[in-house]
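Chemist: Below is one structure. I have some questions about it.
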Amino acid sequence: MASAVELLLAALPLLLAGGLLVGFLWPATRAMPLAWVTALAVGYFAWNMPPDWLAAASIVGVMTAFEILWIVFGALLLLYTLMQAGAFDRINRGFASISDDRRVQIVLLAFFLATFIEGAAGFGTPAAVVAPLLLGLGFPALAAVVAAIIGHIIAVTYGAVGTPIIVGIQDPLSSAGFGEAISAGGMTVPEFAQTVAAWAATYHALIGWAMPLFAVGMIVHFFGEDDSRSLEQIREVVPLCVFAGLAFAVPYWLSAWFFTAEFPSLIGSMVGGAITVGALKAGYFLPETEWDFPPQEEWPSHWVGTIEPGRNGGSPSAGRATVANGGVAANSEMSIWRAWSPYVLLVVLLVITRAVDPVAAFISEPMFVLGWEGILGTDLANDVAWMSVPGFWLIVSAVLAIPIFGMSGEQVSAAWREAVEKIVAPFIALVFVIAMVQVMINSAAHPGAPAEGSMIVVLAQATASFFGPVYPFFAALIGALGAAMAGSNTVSNITFGGFQFEAAEQLGLPRQIIVGAQAVGGAIGNLVAIHNIVAALATVGLLGEEGRVMRLNLIPLVYYALGVGVLAMLFSYVLFPGLF
C-alpha cells in the first residue's frame, strides 16, 4: 500500500488541474500544460521514470490527441459545410415550424437537434449551436443556454461518433497491463469497450429518458410568468416529453447493445426525432394551450445578453454560416431530405466500414496505419488506423456534400477555414491532458518501477479503500468531476477510465458496470463544465452568467448522479454481480 506522501504526489497533477480550472477559472490551454509538467516531475522524482520513458509516454499522448482531433476536425468540417450551404438552417426551420409553443420547441431543438449534433460533432458543439438558434426564435439568452446544455446530456457518451468510448475508454485500456487483465476476463479490449458502451447506454436509457421533461420543466418554472409556472403548464406536455424521451432512448439503447459505440446518439436522435415529428404533424401530443415567455420588457437583466432575442446575431455558430462575401447561406427551396443527406451518407459509410468484414479488414491494413513500436527504445507503442477513425469518413462526407449542395469555392473555403480555427484551442488542451494521463498510466511500466504500481493504481487503491462497498454509488460522480474540470467526456474517460477499472478490480466489482458508470458520469459532468458553459454563453452574448447556469444545471446533475449511483449498486450487488 502506498504511503500518504506517495498518494498525495500521485494526485498532485489532478489536484493542480482541478484547482486551476475550477478554482482560478483558468482555460484548459493554460492549466493542462502545467499539470503535464507536474506529472513529469512526479514521475521522475517519485516514480523513478527515466527521461526516455517520460518522453515516450508523452508521445503516446500526443498521438492519441491527434486521433481525437482527426475526428473533431471532420465533425466540425461537416457541420460548417452544412451551415455554409444553408442546409443546417433548413434543418432548424424544419423543426421550428412545427409549433410556436416554446415547450415543443425545447423538445425538438434542445433535445433532438442537440443530441444529433452531439452524436455527429460533440466537444461542446451542441450548446454552442442550439443556444443561438433558440435565441433567434425569441428565447431569453439564459433560458436558451440552460435548455441546450440540459437537452443533449444523454447523448454525450457517444458524442463525435463514439469518441468518448473509442478514444476515451478503448485506447487507454489498450496499454499498461489493462489489456492482459481484460484478456483474462475472456474479452479483447475493443469488445470490453463495446460492452462498457452498452452498459452506459443502459444507465442513460433508464435515467435520461426524462431529460426532455427536465429541460421543459426547468424553463417553464424558472423563466415563466408567475401565473404560468404551475404544474399544469408542465403537465400539458408530459405525454410529449415522455414519448420523445422513449422514442430516443429505445433505438439508442438497441444501437449500443446490438450495433456499435459510434451510433447510439445519431440513431436515437434521427429515429426518435423522425417519430416525434411525425406524431406532432399528425396532431398527437400537441398541448391544448400555447405557452410563451413573459413580455420581453418584463425580463430581468440577467436573462438578456448583447444579442437581441428574435435575431440570429449573424454568428456562424448560430445555425447560419456567413459566407466569404458577407451574405448568408440560406436555401429556402432545399428539401429537408437533401439537407439531412450528408449525415445519412455518413451513417451509411460508417456502417459499411464497420459491418462489412472485407471492407473493415481492408481499411485496417498496415498501409493505412500510422504506428510507432518501441517509442524511443522503450516498451511503449501506439498506432492510428487513420481510415478506420470516424474522422476520415466525416471529411469524406463533407467533401461529398459539396456537389450535393452545389457549393461555391468561397463557401467551401469558408467552411474549411472555420473548422481549422475551431480546433486550435482543443489541440493545445488535448495534447497536454492526454500526455499527462499517459505519464500517470505508464509510471510503473519501466524497469525498476515502484512496487506500489502506477500513479493511477495508487489513486484507485486509495479511493477503493476509502469508499469500500459503496464505491459503485460514487463511480459516476468521479467521472462527472473529471468532465466538470476538463469540459470533455473523452478527457474524463481518458483520465479516470483506468482508475475506475483498477478500483473495480481492487474491490472485486464488475469492471464493465463501474467503467460504464464512469462513461455516464463523464457525460453528466458537462452540465457544469465551465468551458462548455462559457462557449455557449458567448454565442448568445451573455458572458458573466456562468454561475447562474451552473447553479440551475446542478438540479439535473444531482438527479442523474443519484439515479446512476443507485443503478450501479443494484447492478453490482444484486442483478449482475458475476460479470467481469
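First residue shown is number 1, and so on along the chain.
Here the Cβ of each residue, glycine as well, is placed from N, Cα and C on the backbone.
Features from TrEMBL:
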{"type": "TRANSMEM", "residues": "55-83", "note": "transmembrane segment"}
{"type": "TRANSMEM", "residues": "104-135", "note": "transmembrane segment"}
{"type": "TRANSMEM", "residues": "141-169", "note": "transmembrane segment"}
{"type": "TRANSMEM", "residues": "206-224", "note": "transmembrane segment"}
{"type": "TRANSMEM", "residues": "236-254", "note": "transmembrane segment"}
{"type": "TRANSMEM", "residues": "266-286", "note": "transmembrane segment"}
{"type": "TRANSMEM", "residues": "343-364", "note": "transmembrane segment"}
{"type": "TRANSMEM", "residues": "384-407", "note": "transmembrane segment"}
{"type": "TRANSMEM", "residues": "419-441", "note": "transmembrane segment"}
{"type": "TRANSMEM", "residues": "453-478", "note": "transmembrane segment"}
{"type": "TRANSMEM", "residues": "557-576", "note": "transmembrane segment"}
Chemist: Same chain only, please: residues at least 6 beyond the ends of the transmembrane segment (104-135) with a C-beta under 8 Å from a C-beta of the stretch. Say none if there are none.
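Modeler: Result: 72, 75-76, 78-79, 91-92, 95-96, 98, 141, 143-145, 147-152, 154-156, 158-161, 163-164, 211-212, 215-216, 219, 237, 240-241, 244, 248, 263-266, 268-270, 272-273, 276-277, 280, 286-287, 307, 309-313, 315, 317-319, 343, 346, 394, 426, 487-490, 526, 531-533, 535-536, 538-540.
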Chemist: Going through 384-407, 419-441, 557-576 one by one, which has the most CB pairs that fall under 8 Å from the transmembrane segment (206-224)?
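Modeler: Comparing 384-407, 419-441, 557-576 against the transmembrane segment (206-224), the winner is 557-576.
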Chemist: Which one, 141-169, 266-286, 557-576, has the most C-beta pairs under 8 Å toward the transmembrane segment (55-83)?
Modeler: 141-169
Chemist: Counting only residues 6 or more past its boundaries, what in the same chain has a CB within less than 8 Å of a CB in the transmembrane segment (557-576)?
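Modeler: Same-chain contacts beyond the ends: 153, 199, 202-203, 206-208, 210, 214, 469-470, 472-477, 480, 509-510, 513-514, 517, 520-521, 524-525, 527-528.
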